[in-house]
């Protein structure tokens with residue numbers, strides 16, 4: 001295999017071929033001019049986010065088991081937690097020596113820590129703890145026992161197209177999530193793609209990632225040369241499009257077992273990236289060849305994934321025609337390879353024996369200076385789910401509390417009947433109370449996928465309002481939470497509108513009046529719903545009277561706690577989202593008012609105001625929202641049809 005001289009690394013320890021430089025790139029690593037701070041500039045300020053009442057984590061809480069990888073700045077160990085609610089859990093512990101970190105390296109380490117704290121995605125490695133000692137920094141991450149993609153590629157030489165399709169599809173979703181958060185990854189290669197115990201991918205190592213893009217571009221010469229995009233090599237400035245070139249390199253390597261551009265020297269490799277014609281193997285399918293050509297566009301503006309359609313253009317490519325993207329995101333598609341269950345004590349069997357055969361030692365680190373600890377003030381972090389032992393998917397703005405549930409057994413009290421509806425993290429079913437025969441709606445939430453504490457708290461506090469669905473009880477069993485809710489017998493507003501196409505103004509006005517009164521009540525109490533849409537608006541009465549309109553599904557609802565009254569997490573349904581939510585500049589209760597306007601528009605016209613296609617991306621919708629072009633001509637037509 002042509003690239004076997006490139007040694008694998010595990011879980012984010014830098015290897016010698018990774019570069020950060022602003023020099024000529026002719027083979028010599030000169031002084032750097034990273035697009036982060038340089039010498040003499042201020043360090044990034046980080047707020048302390050370890051919850052009050054909880055002790056900071058330290059190295060003594062972990063037992064070293066194996067060395068998974070090492071580099072110039074430190075090592076990665078397989079460790080076992082020995083205290084706390086997660087005692088016995090295996091983690092990957094990344095240890096960095098402060099004394100070896102230059103100013104730009106400190107900046108990148110803090111940036112990596114910040115990104116890992118902010119990002120929650122099924123295909124991105126999760127940070128559980130971050131802490132420091134006098135001489136070292138520690139990141140405690142998911143241990144992905146399947147090793148990295150490079151290890152598997154080294155053993156199999158190349159993958160089948162079906163294998164590649166699966167890995168690329170999961171990777172595309174991870175990259176798109178980073179791009180949506182304003183992050184350029186910049187170091188995509190097989191070593192940074194790990195496999196979990198089921199065979200799903202997890203992207204790791206954010207040491208070279210850039211967040212946010214300033215003035216639209218980044219200018220560092222960074223990454224691993226063979227995977228660099230032309231615009232990174234020629235230093236003309238790069239954007240998210242650079243990641244899609246690297247995505248193409250990874251695809252080519254997985255399909256062929258070799259790199260598309262690789263010279264005898266680093267300079268030769270860069271020349272090939274800038275000028276050489278792509279050698280396309282004839283054994284690849286026409287769909288695979290088409291995708292590679294679309295990714296290897298030297299003009300980043302023409303590169304697939306970088307256009308106005310974003311990742312949606314890539315998802316629609318014929319190579320991915322058989323992928324069910326929703327099922328993929330939910331991990332419902334079986335991976336092509338599932339790591340075998342290792343023998344006891346051999347959990348690191350999928351990692352390079354060059355490292356795992358070494359005796360794990362975490363020697364004391366010498367501090368870089370007297371104020372080394374202050375330079376990383378606020379570095380400490382404990383994942384919210386670990387503070388209380390509750391699995392969390394959605395990032396919350398405040399510390400978590402424990403969920404108060406009924407001591408009774410749900411199935412002894414209720415009989416589950418037919419399904420009423422399904423959502424991203426839950427299913428709603430009709431249920432009958434065994435003793436009284438009374439019927440209820442039961443929302444069943446998988447605890448491993450979603451934290452429903454905020455939703456329960458809001459329903460308990462404000463469910464007495466006639467316009468808000470009332471909560472009758474909360475049960476917790478076998479990893480699931482059961483919310484017993486008032487049964488709203490009139491169905492939802494979406495079905496009501498579909499059956500009628502458009503509503504008369506007098507009826508739409510009456511419905512909006514009821515909704516506005518309920519939303520006003522929520523806002524007065526500091527609650528933002530964040531997902532107002534016809535599917536979440538139901539009629540309590542079977543006659544569907546406007547006065548019986550009730551708001552349900554508080555899964556995205558949030559109680560404002562921040563001092564500035566702003567929320568940052570983008571929770572929404574695309575067609576109803578306010579522009580400030582998509583722009584990620586902070587938003588407040590006003591986003592619900594925008595959503596009410598969209599609902600009114602749909603009731604009167606029978607269509608969404610800023611969408612022309614069901615598959616429109618958030619970027620497309622935002623562009624239309626920003627343009628300010630609202631077609632009101634449709635109301636003239638609607639009025640004529642209703643006469």
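Going from the start of the chain as shown, residues are counted 1 onward.
Note: Cβ is positioned from N, Cα and C throughout, glycine not excepted.
What TrEMBL records for this protein:
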{"type": "REGION", "residues": "20-41", "note": "region 'Disordered'"}
{"type": "COMPBIAS", "residues": "26-38", "note": "compositional bias 'Acidic residues'"}
{"type": "DOMAIN", "residues": "62-320", "note": "domain 'Protein kinase'"}
{"type": "BINDING", "residues": "68-76, 94, 420-428, 443", "note": "ATP binding site"}
{"type": "ACT_SITE", "residues": "187", "note": "active site, proton acceptor"}
{"type": "DOMAIN", "residues": "321-391", "note": "domain 'AGC-kinase C-terminal'"}
{"type": "DOMAIN", "residues": "414-643", "note": "domain 'Protein kinase'"}
{"type": "ACT_SITE", "residues": "531", "note": "active site, proton acceptor"}
Taking the Cα atoms as reference points, how far is residue 187 (active site, proton acceptor) from residue 68 (ATP binding site) in Å?
-> 19
To the nearest whole angstrom, state the Cα distance for the pair residue 74 (ATP binding site) and residue 531 (active site, proton acceptor).
-> 44
Give me the Cα-Cα distance between residue 68 (ATP binding site) and residue 531 (active site, proton acceptor), rounded to a whole Å.
-> 43
Take every residue in the domain 'Protein kinase' (62-320), average their pLDDT values, and give the whole-number result.
-> 87
Around the Cβ of residue 428 (ATP binding site), the count of other Cβ atoms that are within 10 Å = 18
If you measure residue 531 (active site, proton acceptor) to residue 422 (ATP binding site) at Cα, how many Å is it?
-> 15
Quick one, of the recorded positions 74, 531, which Cβ has the fewest other Cβ within 10 Å?
-> 531
Sorted by position, what residues of the same chain at least six away from residue 422 (ATP binding site) have a C-beta under 8 A from it?
-> 428
Name the secondary structure element type, per DSSP in three states, that contains residue 68 (ATP binding site).
-> strand
Cβ density check for residue 68 (ATP binding site), other Cβ within 10 Å (all protein chains) comes to 28
